[in-house]
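Right, one structure below, let's go through it.
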(Lines of atoms letter the chains of each structure in order from A and count residues from 1; the text may use other names and numbers.)
(Lines give C-alpha, C1' and ligand atoms only; values in the text may rest on other atoms or scores of the structure.)
Protein backbone atom coordinates (compact mmCIF):
# COMPACT_ATOMS: atom_id res chain seq x y z
CA UNK A 1 0.00 0.00 0.00
CA UNK A 2 1.37 3.37 -1.01
CA UNK A 3 1.09 6.93 0.20
CA UNK A 4 -0.82 9.96 -0.98
CA UNK A 5 1.76 12.71 -1.49
CA UNK A 6 0.96 16.39 -1.96
CA UNK A 7 3.40 18.85 -3.53
CA UNK A 8 2.72 22.48 -2.62
CA UNK A 9 4.29 24.84 -5.15
CA UNK A 10 4.20 22.15 -7.82
CA UNK A 11 4.65 24.48 -10.79
CA UNK A 12 7.78 26.27 -9.52
CA UNK A 13 11.43 25.56 -10.30
CA UNK A 14 11.76 23.28 -7.26
CA UNK A 15 8.23 21.88 -7.39
CA UNK A 16 8.60 20.55 -10.93
CA UNK A 17 11.80 18.82 -9.88
CA UNK A 18 10.07 17.39 -6.82
CA UNK A 19 7.66 15.70 -9.23
CA UNK A 20 10.59 14.28 -11.23
CA UNK A 21 12.41 13.08 -8.11
CA UNK A 22 9.24 11.50 -6.76
CA UNK A 23 8.81 9.64 -10.05
CA UNK A 24 12.28 8.15 -9.60
CA UNK A 25 11.94 7.57 -5.86
CA UNK A 26 11.73 4.30 -3.95
CA UNK A 27 8.89 5.80 -1.89
CA UNK A 28 5.68 3.79 -2.45
CA UNK A 29 3.21 6.32 -3.87
CA UNK A 30 -0.41 5.59 -4.76
CA UNK A 31 -1.54 9.12 -5.52
CA UNK A 32 -0.01 12.53 -6.09
CA UNK A 33 -1.81 15.80 -5.49
CA UNK A 34 -0.31 18.93 -7.03
CA UNK A 35 -1.12 22.20 -5.27
CA UNK A 36 -0.34 25.83 -6.08
CA UNK A 37 -1.57 29.40 -5.88
CA UNK A 38 -4.55 30.67 -7.85
CA UNK A 39 -2.15 31.81 -10.57
CA UNK A 40 -1.24 28.23 -11.50
CA UNK A 41 -4.31 26.29 -10.36
CA UNK A 42 -5.94 24.50 -13.27
CA UNK A 43 -2.71 23.77 -15.12
CA UNK A 44 -2.16 20.17 -16.11
CA UNK A 45 1.18 18.52 -15.27
CA UNK A 46 2.29 14.93 -15.59
CA UNK A 47 3.28 12.35 -13.01
CA UNK A 48 4.48 9.04 -14.46
CA UNK A 49 2.82 9.84 -17.80
CA UNK A 50 -0.53 10.55 -16.15
CA UNK A 51 -2.18 13.98 -16.38
CA UNK A 52 -2.63 15.62 -12.98
CA UNK A 53 -4.56 18.87 -12.65
CA UNK A 54 -2.99 21.41 -10.31
CA UNK A 55 -5.35 22.39 -7.49
CA UNK A 56 -5.60 25.58 -5.46
CA UNK A 57 -3.95 25.26 -2.04
CA UNK A 58 -6.49 25.69 0.76
CA UNK A 59 -6.76 24.76 4.42
CA UNK A 60 -8.76 21.69 3.36
CA UNK A 61 -6.31 20.46 0.71
CA UNK A 62 -4.64 17.89 2.96
CA UNK A 63 -7.42 15.50 3.91
CA UNK A 64 -6.16 11.99 3.14
CA UNK A 65 -2.60 13.19 2.47
CA UNK A 66 0.20 11.20 4.13
CA UNK A 67 3.20 13.33 3.12
CA UNK A 68 3.15 16.98 2.03
CA UNK A 69 6.19 18.47 0.33
CA UNK A 70 6.21 22.28 0.57
CA UNK A 71 8.22 24.59 -1.70
CA UNK A 72 6.05 27.64 -2.31
CA UNK A 73 7.67 30.24 -0.07
CA UNK A 74 7.80 30.77 3.67
CA UNK A 75 4.47 32.57 3.94
CA UNK A 76 2.67 29.65 2.26
CA UNK A 77 4.33 27.15 4.60
CA UNK A 78 3.49 29.30 7.62
CA UNK A 79 -0.16 29.45 6.58
CA UNK A 80 -0.83 25.92 5.36
CA UNK A 81 1.73 23.51 6.88
CA UNK A 82 0.00 23.44 10.30
CA UNK A 83 -3.28 22.51 8.58
CA UNK A 84 -1.51 19.67 6.79
CA UNK A 85 -0.20 18.41 10.14
CA UNK A 86 -3.64 18.76 11.70
CA UNK A 87 -5.09 16.67 8.85
CA UNK A 88 -2.62 13.88 9.65
CA UNK A 89 0.12 14.51 7.10
CA UNK A 90 3.84 14.74 7.71
CA UNK A 91 5.21 17.95 6.20
CA UNK A 92 8.63 18.26 4.57
CA UNK A 93 9.17 21.99 4.25
CA UNK A 94 11.72 23.36 1.79
CA UNK A 95 11.38 26.98 2.95
CA UNK A 96 13.22 28.81 5.72
CA UNK A 97 10.12 29.36 7.85
CA UNK A 98 10.46 26.45 10.31
CA UNK A 99 14.22 25.82 10.16
CA UNK A 100 15.11 27.40 13.50
CA UNK A 101 11.97 26.24 15.29
CA UNK A 102 13.12 24.02 18.20
CA UNK A 103 10.18 21.67 17.57
CA UNK A 104 11.26 21.08 13.95
CA UNK A 105 14.22 18.86 12.98
CA UNK A 106 16.46 20.30 10.26
CA UNK A 107 17.58 17.33 8.19
CA UNK A 108 20.16 16.26 5.64
CA UNK A 109 19.47 12.50 5.54
CA UNK A 110 23.10 11.44 5.06
CA UNK A 111 24.09 13.54 8.08
CA UNK A 112 21.33 13.47 10.71
CA UNK A 113 18.36 11.32 9.68
CA UNK A 114 18.02 10.34 13.35
CA UNK A 115 16.80 13.88 14.10
CA UNK A 116 13.46 12.95 12.51
CA UNK A 117 12.72 10.17 14.97
CA UNK A 118 10.81 12.39 17.41
CA UNK A 119 9.28 14.71 14.82
CA UNK A 120 6.15 16.74 15.57
CA UNK A 121 4.72 16.62 12.06
CA UNK A 122 7.11 18.99 10.27
CA UNK A 123 10.65 18.31 9.05
CA UNK A 124 12.59 21.23 7.59
CA UNK A 125 14.89 20.98 4.60
CA UNK A 126 17.96 23.21 5.05
CA UNK A 127 19.07 25.97 2.71
CA UNK A 128 20.54 24.74 -0.57
CA UNK A 129 24.01 26.10 0.12
CA UNK A 130 24.02 24.58 3.60
CA UNK A 131 23.03 21.10 2.45
CA UNK A 132 25.94 20.51 0.10
CA UNK A 133 28.43 21.83 2.63
CA UNK A 134 27.06 19.43 5.26
CA UNK A 135 27.56 16.45 2.95
CA UNK A 136 31.18 17.51 2.35
CA UNK A 137 32.03 18.29 5.97
CA UNK A 138 30.26 15.56 7.94
CA UNK A 139 32.76 12.76 7.13
CA UNK A 140 35.56 15.07 8.30
CA UNK A 141 33.70 16.13 11.44
CA UNK A 142 33.06 12.50 12.37
CA UNK A 143 36.76 11.56 12.25
CA UNK A 144 38.69 14.69 13.20
CA UNK A 145 36.15 17.19 14.53
CA UNK A 146 35.69 20.78 13.40
CA UNK A 147 36.83 23.94 15.16
CA UNK A 148 36.03 26.51 12.44
CA UNK A 149 34.18 26.81 9.11
CA UNK A 150 34.54 29.69 6.63
CA UNK A 151 32.72 29.48 3.31
CA UNK A 152 32.42 31.68 0.23
CA UNK A 153 29.66 30.70 -2.18
CA UNK A 154 29.16 31.12 -5.91
CA UNK A 155 25.43 30.58 -6.23
CA UNK A 156 23.34 30.02 -9.35
CA UNK A 157 20.44 32.34 -10.12
CA UNK A 158 17.94 29.47 -9.96
CA UNK A 159 18.24 29.73 -6.20
CA UNK A 160 16.11 32.87 -6.52
CA UNK A 161 13.40 31.07 -8.52
CA UNK A 162 12.17 30.78 -12.08
CA UNK A 163 11.73 34.54 -12.44
CA UNK A 164 15.44 35.05 -11.71
CA UNK A 165 16.33 32.43 -14.33
CA UNK A 166 14.18 34.27 -16.86
CA UNK A 167 15.71 37.63 -15.94
CA UNK A 168 19.25 36.30 -16.30
CA UNK A 169 18.60 34.77 -19.72
CA UNK A 170 16.99 38.01 -20.90
CA UNK A 171 19.90 40.12 -19.66
CA UNK A 172 22.52 37.90 -21.31
CA UNK A 173 20.63 38.03 -24.61
CA UNK A 174 20.44 41.82 -24.44
CA UNK A 175 24.18 42.11 -23.88
CA UNK A 176 25.28 39.46 -26.39
CA UNK A 177 22.67 39.88 -29.12
CA UNK A 178 21.72 43.54 -28.82
CA UNK A 179 25.01 45.03 -27.66
CA UNK A 180 23.59 46.57 -24.49
CA UNK A 181 26.21 47.66 -21.96
CA UNK A 182 26.02 45.21 -19.01
CA UNK A 183 25.81 48.18 -16.63
CA UNK A 184 22.76 49.50 -18.50
CA UNK A 185 20.69 46.32 -18.45
CA UNK A 186 17.43 46.70 -16.53
CA UNK A 187 16.96 44.43 -13.50
CA UNK A 188 13.81 43.79 -11.46
CA UNK A 189 14.68 40.87 -9.19
CA UNK A 190 18.30 40.35 -8.19
CA UNK A 191 20.06 40.52 -5.83
CA UNK A 192 16.92 40.34 -3.70
CA UNK A 193 13.31 40.88 -4.68
CA UNK A 194 12.63 42.29 -1.22
CA UNK A 195 15.30 44.99 -1.32
CA UNK A 196 15.26 48.60 -2.53
CA UNK A 197 17.68 48.33 -5.46
CA UNK A 198 18.13 45.73 -8.18
CA UNK A 199 21.28 45.12 -10.21
CA UNK A 200 21.94 43.18 -13.42
CA UNK A 201 23.50 39.75 -12.99
CA UNK A 202 24.65 39.24 -16.60
CA UNK A 203 28.47 39.40 -16.71
CA UNK A 204 28.42 40.40 -13.05
CA UNK A 205 28.77 38.98 -9.54
CA UNK A 206 26.56 40.23 -6.72
CA UNK A 207 27.87 39.99 -3.17
CA UNK A 208 24.33 39.94 -1.80
CA UNK A 209 21.82 37.10 -1.55
CA UNK A 210 18.66 38.06 0.36
CA UNK A 211 18.53 41.29 2.36
CA UNK A 212 21.06 42.47 4.92
CA UNK A 213 20.64 41.90 8.64
CA UNK A 214 21.63 44.24 11.47
CA UNK A 215 25.05 42.58 11.78
CA UNK A 216 25.98 43.38 8.12
CA UNK A 217 25.63 39.77 7.01
CA UNK A 218 22.81 38.82 4.65
CA UNK A 219 20.02 36.47 5.68
CA UNK A 220 21.49 33.87 3.31
CA UNK A 221 24.80 34.06 5.11
CA UNK A 222 23.13 33.80 8.50
CA UNK A 223 21.11 30.82 7.28
CA UNK A 224 24.35 28.99 6.51
CA UNK A 225 25.79 29.89 9.91
CA UNK A 226 22.76 29.01 12.03
CA UNK A 227 21.73 25.92 10.06
CA UNK A 228 25.21 24.42 10.18
CA UNK A 229 25.26 24.74 13.96
CA UNK A 230 21.79 23.22 14.34
CA UNK A 231 22.38 20.27 12.01
CA UNK A 232 25.75 19.44 13.55
CA UNK A 233 24.40 20.09 17.07
CA UNK A 234 27.40 22.31 17.76
CA UNK A 235 26.00 25.73 18.72
CA UNK A 236 29.45 27.09 19.62
CA UNK A 237 31.12 26.11 16.33
CA UNK A 238 32.47 29.27 14.61
CA UNK A 239 30.86 29.46 11.15
CA UNK A 240 30.92 32.44 8.80
CA UNK A 241 29.79 32.80 5.20
CA UNK A 242 30.02 35.20 2.27
CA UNK A 243 27.31 34.42 -0.28
CA UNK A 244 27.65 35.63 -3.86
CA UNK A 245 25.25 35.31 -6.79
CA UNK A 246 26.94 34.51 -10.12
CA UNK A 247 25.50 34.45 -13.66
CA UNK A 248 25.01 30.73 -14.12
CA UNK A 249 21.62 29.06 -14.12
CA UNK A 250 22.10 25.90 -12.08
CA UNK A 251 24.44 24.44 -9.41
CA UNK A 252 26.01 26.19 -6.46
CA UNK A 253 29.77 26.15 -5.89
CA UNK A 254 31.54 26.82 -2.60
CA UNK A 255 35.10 27.53 -1.52
CA UNK A 256 35.18 26.05 1.98
CA UNK A 257 37.93 26.50 4.56
CA UNK A 258 37.84 24.45 7.75
CA UNK A 259 40.02 23.91 10.77
CA UNK A 260 39.86 20.47 12.36
CA UNK A 261 40.25 19.69 16.06
CA UNK A 262 42.81 17.00 15.26
CA UNK A 263 45.25 17.24 12.37
CA UNK A 264 43.74 15.39 9.41
CA UNK A 265 46.00 13.81 6.74
CA UNK A 266 44.76 14.96 3.34
CA UNK A 267 44.71 11.53 1.73
CA UNK A 268 42.63 10.22 4.63
CA UNK A 269 40.28 13.19 4.27
CA UNK A 270 39.81 12.37 0.59
CA UNK A 271 39.13 8.73 1.41
CA UNK A 272 36.56 9.67 4.06
CA UNK A 273 34.72 11.95 1.65
CA UNK A 274 34.82 9.35 -1.13
CA UNK A 275 33.24 6.77 1.19
CA UNK A 276 30.50 9.06 2.50
CA UNK A 277 26.94 8.55 1.14
CA UNK A 278 25.92 11.24 -1.32
CA UNK A 279 29.45 12.59 -1.77
CA UNK A 280 31.57 12.14 -4.89
CA UNK A 281 35.30 12.82 -4.77
CA UNK A 282 36.54 14.61 -7.89
CA UNK A 283 40.12 15.46 -7.04
CA UNK A 284 42.85 14.61 -9.54
CA UNK A 285 44.81 17.75 -10.28
CA UNK A 286 47.31 15.87 -12.47
CA UNK A 287 44.47 15.41 -14.94
CA UNK A 288 42.69 18.71 -14.12
CA UNK A 289 39.77 16.92 -12.52
CA UNK A 290 37.76 18.90 -10.00
CA UNK A 291 34.04 19.66 -9.50
CA UNK A 292 32.36 21.91 -12.06
CA UNK A 293 28.93 23.49 -11.83
CA UNK A 294 27.94 22.48 -15.37
CA UNK A 295 28.81 18.85 -14.70
CA UNK A 296 26.74 18.73 -11.51
CA UNK A 297 23.47 19.77 -13.16
CA UNK A 298 20.95 16.95 -13.00
CA UNK A 299 22.89 14.93 -10.40
CA UNK A 300 21.74 14.17 -6.87
CA UNK A 301 25.25 13.95 -5.47
CA UNK A 302 27.56 16.55 -3.94
CA UNK A 303 30.95 16.80 -5.65
CA UNK A 304 34.07 17.63 -3.64
CA UNK A 305 37.58 18.41 -4.86
CA UNK A 306 40.62 20.73 -4.67
CA UNK A 307 41.17 19.33 -1.17
CA UNK A 308 44.44 20.71 0.16
CA UNK A 309 46.24 21.70 3.33
CA UNK A 310 46.41 25.34 4.29
CA UNK A 311 49.88 26.77 3.73
CA UNK A 312 50.20 28.18 7.24
CA UNK A 313 47.65 26.57 9.57
CA UNK A 314 48.54 22.97 10.42
CA UNK A 315 44.94 21.88 10.91
CA UNK A 316 43.52 24.06 8.11
CA UNK A 317 41.98 22.49 4.98
CA UNK A 318 40.56 24.06 1.83
CA UNK A 319 38.12 22.42 -0.58
CA UNK A 320 35.73 23.12 -3.46
CA UNK A 321 32.15 21.84 -3.14
CA UNK A 322 29.58 21.76 -5.97
CA UNK A 323 26.01 20.47 -6.20
CA UNK A 324 22.81 21.00 -8.17
CA UNK A 325 20.98 23.47 -5.94
CA UNK A 326 17.55 22.44 -7.22
CA UNK A 327 18.15 18.73 -6.60
CA UNK A 328 20.31 17.94 -3.56
CA UNK A 329 19.82 21.54 -2.52
CA UNK A 330 16.04 21.29 -2.57
CA UNK A 331 13.87 18.76 -4.44
CA UNK A 332 15.96 15.63 -3.94
CA UNK A 333 16.76 16.37 -0.30
CA UNK A 334 13.01 16.81 0.33
CA UNK A 335 12.07 13.55 -1.39
CA UNK A 336 15.02 11.83 0.30
CA UNK A 337 13.62 12.96 3.66
CA UNK A 338 10.27 11.42 2.67
CA UNK A 339 12.05 8.16 1.78
CA UNK A 340 13.82 8.21 5.16
CA UNK A 341 10.52 8.83 6.95
CA UNK A 342 9.13 5.71 5.25
CA UNK A 343 12.21 3.61 5.95
CA UNK A 344 12.21 4.62 9.63
CA UNK A 345 8.47 4.04 10.06
CA UNK A 346 7.83 7.72 10.77
CA UNK A 347 5.00 8.48 8.33
CA UNK A 348 2.36 8.98 10.99
CA UNK A 349 -0.08 11.56 12.24
CA UNK A 350 0.89 13.71 15.21
CA UNK A 351 -1.24 13.53 18.34
CA UNK A 352 -0.39 17.03 19.62
CA UNK A 353 -0.42 20.01 17.24
CA UNK A 354 2.52 22.27 18.15
CA UNK A 355 2.11 24.75 15.30
CA UNK A 356 -0.22 27.72 15.20
CA UNK A 357 -3.22 27.62 12.88
CA UNK A 358 -3.59 30.95 11.11
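Every residue, even glycine, has its Cβ placed from backbone N, Cα and C.
Under the heading active site, acyl-thioester intermediate, Swiss-Prot lists 128. As annotated by Swiss-Prot, active site, proton acceptor applies to 252, with the evidence given as sequence analysis. What Swiss-Prot records for 11, 12, 13, 14, 39, 40, 158, 159, 325 is NADP(+) binding site, and it gives sequence analysis as the kind of evidence. The annotation phosphate binding site is assigned in Swiss-Prot to 99, 223 on the grounds of sequence analysis. Look at Swiss-Prot and you will find 155, 245 tagged as substrate binding site, backed by sequence analysis.
Locations of recorded Swiss-Prot features on the structure.
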residue : record                                   : DSSP (3 states)
11      : NADP(+) binding site                     : coil
39      : NADP(+) binding site                     : coil
99      : phosphate binding site                   : coil
128     : active site, acyl-thioester intermediate : helix
155     : substrate binding site                   : strand
223     : phosphate binding site                   : helix
245     : substrate binding site                   : strand
252     : active site, proton acceptor             : strand
325     : NADP(+) binding site                     : coil
*Restricting the comparison to the recorded positions 99, 128, 245, 252, which residue's C-alpha is spatially nearest the C-alpha of residue 11 (NADP(+) binding site)?*
128
_Spatial separation of residue 245 (substrate binding site) from residue 13 (NADP(+) binding site) - C-alpha basis, Å_ = 17
*So how many other Cβ atoms are close to residue 155 (substrate binding site), meaning within 10 Å of its Cβ?*
24
*asked:* Between C-alpha atoms, which of these recorded positions comes nearest to the residue listed as 'active site, acyl-thioester intermediate': 39, 252, 325?
replied: 325
*About how far apart, in whole Å, are the alpha carbons (Cα) of residue 325 (NADP(+) binding site) and the residue listed as 'active site, proton acceptor'?*
6
_Long-range neighbours only, meaning 6 or more apart in sequence with Cβ under 8 Å: which ones does the residue listed as 'active site, proton acceptor' have?_
128, 129, 132, 153, 154, 155, 156, 159, 293, 322, 323, 325, 329
*Do me a favour and check the Cα-Cα span between residue 245 (substrate binding site) and residue 223 (phosphate binding site); whole Å is fine.*
15
*asked:* Tell me which of the binding-site residues 11, 158, 325 sits in the most Cβ-dense spot, judged by other Cβ atoms within 10 Å.
replied: 325
